[in-house]
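J.: I'd like to ask some things about the structure below.
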C-alpha cells in the first residue's frame with residue numbers, strides 16, 4: 001500500500017479542480033481506503049484530492065520548512081469512480097485514475113507554483129528561513145521578472161551545487177530575495193496602479209458635461225419646487241437675481257456645520273476597525289462613531305430649538321444654502337485633485353488614473369485622501385451631507401407649520417421625516433458596512449463624490465419635505481397604512497440583504513455562515529448564492545427602490561417632481577449594477593458566468 005506522503009496539518013500546494021492553478025492548502029486528513037486527502041483552501045473550501053494533485057517543489061520545501069514524508073514515491077492507487085466533493089460549490093472534482101501509468105510525475109517547476117494569487121504582504125523585512133515563502137510571494141507580486149530570475153538561478157545552483165553541505169544554498173536565495181524587497185521598499189513609487197484604460201460616464205466629454213449638469217439639475221429642481229405650480233408645463237422656472245443667491249452668513253453656517261461634524265468625527269469614542277486590503281496590501285483604520293455623531297447633532301438641534309432659534313431659516317434661505325454647499329464642494333474637489341498630484345502611485349484610484357485632468361478631477365484621482373488619520377472620503381460619505389439631510393427635513397417640518405399655520409405637522413410631512421430619519425440612522429448604526437462598498441473600495445474621491453455627498457444628497461433627497469411646505473397633501477389613515485407597509489417591506493429587504501452581504505465579506509469562514517451556498521473563484525474569494533442573494537444579484541438595490549417609493553407616496557400624485565428621487569435612483573442603481581457587472585466579470589471570469597447562470601435576475605425577481 002502506498003505510503004502517506006503528507007501529514008495532517010501540513011501546508012502544501014493543491015491543484016484547483018478543472019484548472020492548472022495551484023493554491024496553498026492545509027491537509028486535514030487522509031483516507032487509507034480511498035487514498036484521498038481532505039484539504040482546506042484559504043477561502044474555507046474543503047475538497048478531496050489525490051496525491052498526484054498535491055505537490056511541493058524542492059525549492060518551496062526548503063524555503064518554507066514544509067515536510068514531505070514518504071520519500072519521493074508516488075501513489076498509483078485506483079481511485080473509485082464515484083466520490084463526492086465536500087466543497088460548498090456544486091462543481092464536482094474530476095479524478096483520474098493513475099493506475100494506467102508507470103511513470104512517476106515530473107518534479108514541479110517553480111513557475112508552476114508561482115501561479116498562486118496572493119494578497120500583497122505588509123512591508124516588513126523577513127530575515128529567517130521560515131519566512132522565506134513570504135519573501136518569495138512578495139517579490140513575485142511586485143517584481144515578477146526579478147523573482148523569476150532569482151528562482152531560476154537558485155534552481156540551477158541547487159541542482160549542480162558543489163559547495164560543502166554546511167553552506168546552505170538557501171542562504172543565497174534569502175539574501176537575493178531580501179535585496180529585491182529592500183529595493184522595492186526604498187522606491188515605493190514602483191508599486192503602481194495601472195493607468196485607467198476604460199473610461200466611464202461617457203469618458204472625458206461625459207465627465208466635463210457632468211461637472212456642469214449636476215449643479216444645474218440641483219438648481220432647477222429647487223427653483224421648480226418653490227413655484228406655486230411646480231408642473232413641467234411651467235418649465236423653465238423664473239431665474240432669481242444673482243445677488244440673491246449669495247449670503248456670506250449662510251456660507252459661514254455651512255462651513256461651521258462642516259467643521260462641527262469634523263470635530264465629532266475626531267472624538268475618541270467608538271471602535272476602530274480595518275478596511276479591506278488596498279492594492280498595496282495595506283489596511284486603513286477607521287473609527288466607527290457615526291451614530292454618536294447623529295445623536296450629538298440631534299441634541300444640538302434640540303438645544304437650538306428650545307433656545308428659540310428660528311430653524312425655518314434654512315427653508316427661507318434654501319437656495320443660498322445650496323449655492324454655498326456647491327462652492328464648498330467645488331473648493332474641496334480642487335484641493336483633492338491638487339494634492340493627488342503628489343500622491344504615490346499605489347495611493348491612486350484604479351478608476352481615476354487616466355491622465356486626463358478633467359476626467360480624473362471628476363472621478364477622483366486619489367483613492368483614500370487623508371490628512372494624517374482624518375479620512376476625507378470616509379468622513380464626507382456619511383457625516384455632513386447625510387446628517388445635514390435630517391436637519392433640512394426638520395427645518396421643512398417647522399416651515400410647514402409656520403407657512404400653513406398648523407399646530408402640528410401634517411401626516412405626510414411626519415411620514416417623510418420619519419422614513420428618512422430611519423434610513424440615516426440605519427446607515428450610521430451600520431456604519432462599518434460602508435467599508436465594503438464601491439465608493440470606498442474602488443472610486444477615488446473627486447468632484448463626483450464630493451458634490452454628491454455635500455450637495456446632491458442633502459438638497460435633492462430632501463425634495464419631498466421641501467415640496468410639502470407649500471404643496472400640502474392630506475392623507476387618509478388607510479392610505480397611511482399602505483405606505484407604512486411598503487416602507488416596512490422595503491426596509492426589511494434592504495437590511496437583510498446588506499446584513500448577509502457584509503457578514504459574508506467580513507468573514508466568509510465564520511461558522512455561522514457554514515450553511516450558505518457559494519461559488520469559489522480563482523481569486524480565492526467566493527460568490528454568495530444563498531438567501532436573498534440567491535434570488536437576485538442586487539437585493540439591496542431592490543429594497544432601496546421600494547423604500548424610495550414609500551418616501552414619495554405621501555406627496556400625492558398631483559406632480560411628478562416629488563418622484564424625481566425614485567426616477568433618479570432607479571437610473572443610478574441600473575448604472576451602478578452595470579458597473580458592478582463589468583468589474584466582477586473581469587475579476588472572477590468563468591466563476592461569474594456560473595454565478596449569472598444560477599442567479600439570473602439582476603435587481604427585480606422575474607425581470608432579467
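The backbone N, Cα and C atoms fix where each Cβ goes, and this holds for glycine too.
As listed in TrEMBL for this protein:
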DOMAIN    1-55  domain 'Lamin-B receptor of TUDOR'
REGION    63-111  region 'Disordered'
COMPBIAS  73-99  compositional bias 'Basic residues'
COMPBIAS  100-111  compositional bias 'Basic and acidic residues'
TRANSMEM  205-224  transmembrane segment
TRANSMEM  244-267  transmembrane segment
TRANSMEM  288-306  transmembrane segment
TRANSMEM  318-338  transmembrane segment
TRANSMEM  441-463  transmembrane segment
TRANSMEM  475-494  transmembrane segment
TRANSMEM  515-536  transmembrane segment
TRANSMEM  556-575  transmembrane segment
J.: Please give the sequence-distant neighbours of the transmembrane segment (205-224): residues at least 6 beyond its ends with Cβ less than 8 Å from one of its Cβ atoms.
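T.: Residues 199, 230, 234-240, 318-319, 322, 326, 358-359, 361-363, 447-448, 451-452, 455-456, 459-460, 463, 466, 561, 564.
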J.: Rank 288-306, 318-338, 441-463 by Cβ pairs under 8 Å to the transmembrane segment (556-575) and hand me the top one.
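T.: Answer is 441-463, with the largest number of Cβ pairs below 8 Å.
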J.: Sequence-remote contacts (6 or more beyond its ends) of the transmembrane segment (244-267), Cβ cut-off under 8 Å?
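T.: For the transmembrane segment (244-267), the nonlocal Cβ contacts are 287, 289, 292-293, 296-297, 300, 317, 319-321, 323-325, 327-328, 374, 379, 383-384, 387-388, 391, 454.
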J.: Treating G and I as helix alongside H, and B as strand alongside E, what does DSSP give for the domain 'Lamin-B receptor of TUDOR' (1-55) in helix, strand and coil?
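T.: Reading the DSSP string over the domain 'Lamin-B receptor of TUDOR' (1-55) gives 3 helix, 27 strand, 25 coil.
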